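Visitor: So that we are looking at the same thing, I have put the structure below in structure tokens.
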Amino acid sequence: MKFALIFQNDTVAFLPELFLAISILVVLLHGSFLGVTAASLHSYLTPSMVRLTSGTLFLSLLLVINNPVESQTLWNAIFIADYLSTWAKFIIFIGLLFCVSVSESYMFSARFRAYEFFVFILGIALSLCLLISSYDLLSIYLSMEFLSLIFYVLAAWKKNSYFSAEAGLKYFILGSVASIFFLFGSSLIYFSLGTTNLASLALLTENLSVSSAFIYFGLVCIVSALLFKLGAAPYHMWIADVYEGAPTLVSLIFALVPKVAFFVVVLRIAFTSFWSLFPTLWEDFFCICGLLSLFIGCLCGLGETKIKRILAFSSVGHVGFLCLGLASGSIEGIQAVLFYLVFYMLTAAFLWVYVLHLDLTSNSSLLTFADAIGLVRSNPFLGFGVVLMIFSLAGIPPFGGFFAKLNIFIGLVDSSFFIVAIFAVLTSVISAFYYIRLIKIFYFEKNNNWFFFAPLTKGASIVLVLSGLIIIFFMLSPNLFYLLSYKVGLGLFF
Amino acid sequence: MLLTLLFIFLSLGIVGLIVIPSNKKLLMRQYALFITSVVFVFSLLLWLGFDQSTPKFQYVVNWLWLPIANINLVLGIDGISLFFVILTTLIFPLCLLASWSFDKGDIKTYLISFLSMELVLLLVFTNLDLLFFYIFFEAVLIPMFLVIGIYGSRQRKIRAAYMFFLYTLFGSLFMLIGVIYIYLFAGSTNYESLATVNFSNYDQKWLWLAFFASFAAKVPMLPVHIWLPEAHVEAPTAGSVILAGILLKLGSYGFLRFSLGLFPEASVYFTPFVFSLSLLGVVYTSLTAIRQTDLKRLIAYTSVAHMNLVMIGLFTGTVIGVEAAILQSLSHGFVSSALFLIIGILYDRWHSRVVKYYGGLTHTMPIFIIIFLFFTMANLGLPGTSSFIGEFLLLVSAFEANTTACFFAATSMILGGGYSLWLFNRIAYGNVKLVGFDLSLREFILFLPLVLGTLFMGIYPNIFFSVMHAAVSNLVWADLWM
């Protein structure tokens with residue numbers, strides 16, 4: 001009874017996570033009971049799992065929107081519920097719903113009949129929710145490990161492929177090193193400040209005049225680990241191999257979902273807890289990471305001939321832009337980052353769903369440019385959409401990607417980072433080169449082989465239409481989103 | 001209201017084109033021609049209802065796009081932009097008419113690209129918001145890139161499309177940073193509000209340079225003109241016409257509207273720089289044009305020379321110079337479009353653009369040669385044609401501003417005579433090398449408005465100047481230069 005009184009509000013605000021945790025068990029039971037009969041594997045298991053998973057995700061989405069608590073710490077300030085966490089959870093649920101809705105046809109054609117995949121998706125949802133609402137270095141670490149374990153398994157999921165095994169192993173080893181760095185960094189901070197709670201850290205560092213080297217070093221370790229998970233530049237080594245080696249459906253999840261959650265954590269650490277270190281530490285750190293990412297993203301993409309690798313390097317470049325948005329250290333910067341994250345997620349969803357479609361229809365599993373030749377002739381509408389999205393990724397107006405970059409530039413110029421802005425401009429011209437090379441492949445080259453009209457599956461077309469429409473809506477009337485991201489950003493400052 | 005109607009009509013026209021099934025090619029062509037012709041009539045109505053006594057913007061449309069951040073789409077027309085709008089709406093139906101028999105690849109994508117290009121170009125010329133100007137200025141790249149890349153003639157088209165895209169993108173991203181700086185400095189990107197803002201001299205210089213990087217690639221000025229011959233040569237005929245006739249005017253329009261209008265002190269400061277680059281451009285590209293063997297490449301280089309002459313006029317800082325520059329832009333829009341159409345007709349018949357391949361056409365295609373002669377003369381500035389008015393007034397104002405500059409600019413007349421006459425000589429006279437049909441009715445009708453327009457502008461230019469007076473006088477503060 002007493003317990004109920006103390007944690008009454010906490011339970012209410014924590015409902016989505018609780019619901020997800022219980023439903024993981026239910027889905028696991030459902031799958032294992034269905035999975036024992038071999039006959040049901042082919043036709044019944046995957047569709048029923050898809051329905052169950054998407055239903056669960058949708059219900060948790062509703063629970064998140066319906067969150068009655070405005071802003072409050074939960075469970076002795078280990079977690080928090082605020083605007084940022086609500087909207088970030090909303091975004092990742094949308095992303096995961098996208099992933100689930102394209103998974104059915106992939107599971108059939110790739111002959112994967114494992115129900116565990118859907119349990120993993122729910123696990124990803126739970127761990128990302130926990131990560132987003134974490135308010136303590138320890139809970140961040142634990143939920144990050146929860147997420148990473150699932151990701152390691154998923155990357156190595158294609159048992160008969162060397163690429164997949166390589167991806168899984170690389171991701172596992174490098175990811176463990178990153179986790180160690182995080183743990184080491186938080187222990188250093190605990191050593192020098194005596195707490196791991198983000199709010200207490202904010203109070204302690206508010207008027208910090210002489211800060212010890214331990215704090216700096218610890219923070220660098222922590223944020224490096226987070227940037228590793230995001231694939232920012234000095235820590236980008238795994239990203240191309242993992243994206244290429246993992247099954248395409250899993251690469252789609254890697255590309256779409258976790259970025260939002262990790263950026264939320266970075267925002268919390270940089271802007272809530274250690275905002276007082278802004279001019280000295282954060283500006284240099286994020287600027288260096290951002291510029292390096294832009295540089296790597298544009299140069300390494302130039303020589304690539306595989307579509308998945310090119311998308312991986314383009315994601316490095318985009319994370320670079322996001323880091324530059326953080327470097328400006330103002331509310332405009334946060335706003336730009338949130339804006340950019342959503343646009344990037346929608347655009348990437350469109351392109352990755354196309355890559356998935358290509359994976360299902362083409363013969364080779366490597367997905368080089370040669371597989372994509374003649375897209376416009378075999379499927380004109382899809383080709384047109386993909387070309388527009390690539391222009392959007394390259395940041396050509398009037399598409400969404402331009403407005404996202406514009407906000408980042410506004411943040412940079414506002415903080416007088418002129419040289420950085422000019423460098424970003426140069427790299428975006430260079431990266432425009434490989435984006436329009438993709439367009440050349442789609443539109444200008446003649447295919448010598450036979451090609452067939454391959455219709456998109458229903459789930460994939462729903463995702464494409466939804467992401468396209470949302471982007472067009474934000475292009476035509478950005479007011480709503482602009483205000484929302486401003487409000488979310490304001491809630492971040494302690 | 002009229003302007004809103006025009007844009008709604010054109011946008012709905014594009015949507016309608018998507019709906020037409022792609023095997024009805026003739027219907028699509030007729031439909032697109034109808035849409036563009038109606039838009040042309042709309043633009044003439046804009047001229048008819050234009051109040052030439054005021055420098056203010058007319059037909060203003062204001063769409064609250066992002067009112068919180070004070071970024072709104074504002075459209076309007078004044079005496080400077082009116083003729084660029086009319087030029088755009090005139091060239092597009094002609095282009096569609098010129099590509100009537102063009103049947104290479106998907107016609108639907110082709111027509112949609114052209115109509116969307118017209119929409120975006122009209123949005124650029126009527127735009128009164130700096131950020132949206134940038135957006136549409138860049139957005140023109142996309143349909144043009146696709147047109148060059150998909151419908152170009154040779155394998156080199158891909159290189160041309162890349163160069164076209166990347167040169168312009170590279171320049172204009174600097175302009176983007178300039179626009180953002182202005183937005184943060186002034187809190188608005190509205191042109192009319194910005195005209196009241198005083199930028200410091202130091203800021204003006206940097207901003208001017210940022211804008212210069214973008215517009216110079218579009219004009220094109222000397223070091224960054226390499227994309228132009230490539231793009232003009234590889235594009236299909238209609239694409240070259242749009243490139244020469246309208247896209248190059250984006251550069252001079254941008255200089256006129258933004259560099260001169262927002263940063264007058266910096267414009268004065270950089271005038272010698274612009275003069276030197278333009279003079280180099282005029283002389284160098286004229287000399288280059290003489291020795292070209294590819295017809296389209298030759299005309300492309302003459303375009304560079306003429307547009308650089310326009311730049312000199314813009315930076316003389318006199319009302320006469322600026323008005324002459326606008327008129328010369330228009331005239332160049334007519335004449336070089338016509339020349340590209342002429343080459344397109346030769347190319348349609350014999351599929352070659354090599355000068356040596358042709359000869360003695362005067363014996364077999366007399367009507368064609370008359371029109372070719374007319375535009376050759378117009379190209380070198382014969383009195384009675386529009387170019388004469390433009391070039392003469394340009395040189396007058398250049399003489400007033402800088403006599404040395406005037407001297408070198410005047411060499412363009414002689415060099416222009418050189419390349420134009422020699423080209424005409426090689427193609428029209430000599431032994432009959434080829435036998436072909438003369439102009440068809442469609443092709444004749446194609447040239448008629450251009451011939452009439454060129455003559456009209458040459459004989460009675462005052463009807464054009466009188467519209468510009470108020471706006472240009474408002475723009476130019478001559479005392480800064482003197």
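Cβ coordinates are placed from backbone N, Cα and C, and glycine is handled just like the others.
Reproduced below are the annotations present in TrEMBL:
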- B:32-50: transmembrane segment (TRANSMEM)
- B:57-75: transmembrane segment (TRANSMEM)
- B:81-102: transmembrane segment (TRANSMEM)
- B:109-125: transmembrane segment (TRANSMEM)
- B:129-411: domain 'NADH:quinone oxidoreductase/Mrp antiporter transmembrane' (DOMAIN)
- B:131-152: transmembrane segment (TRANSMEM)
- B:164-186: transmembrane segment (TRANSMEM)
- B:206-228: transmembrane segment (TRANSMEM)
- B:268-287: transmembrane segment (TRANSMEM)
- B:299-320: transmembrane segment (TRANSMEM)
- B:359-382: transmembrane segment (TRANSMEM)
- B:402-424: transmembrane segment (TRANSMEM)
- B:444-472: transmembrane segment (TRANSMEM)
Visitor: Under a Cβ pair cut-off of under 8 Å, which of the recorded stretches B:81-102, B:164-186, B:206-228, B:268-287, B:299-320 contacts the transmembrane segment (B:444-472) most often?
Guide: B:81-102
Visitor: Between the transmembrane segment (B:206-228) and the transmembrane segment (B:268-287), do 3 or more CB pairs sit under 8 angstroms, pairs being 6 or more residues apart?
Guide: yes
Visitor: Mark yes when the transmembrane segment (B:359-382) and the transmembrane segment (B:32-50) have three or more Cβ pairs under 8 Å (sequence separation 6 or more) and no when they do not.
Guide: no
Visitor: Please report, as numbers and ranges, the same-chain residues at least 6 past the borders of the transmembrane segment (B:131-152) whose CB is under 8 Å from any CB of it.
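Guide: Non-local partners: 65, 71, 73-74, 102, 104-106, 109-110, 113-114, 116-117, 120-121, 123-124, 158, 160-161, 164-165, 168-169, 172, 175-176, 179, 183, 189, 214, 231, 234-236, 238-239, 242-243, 247, 250, 254, 258.
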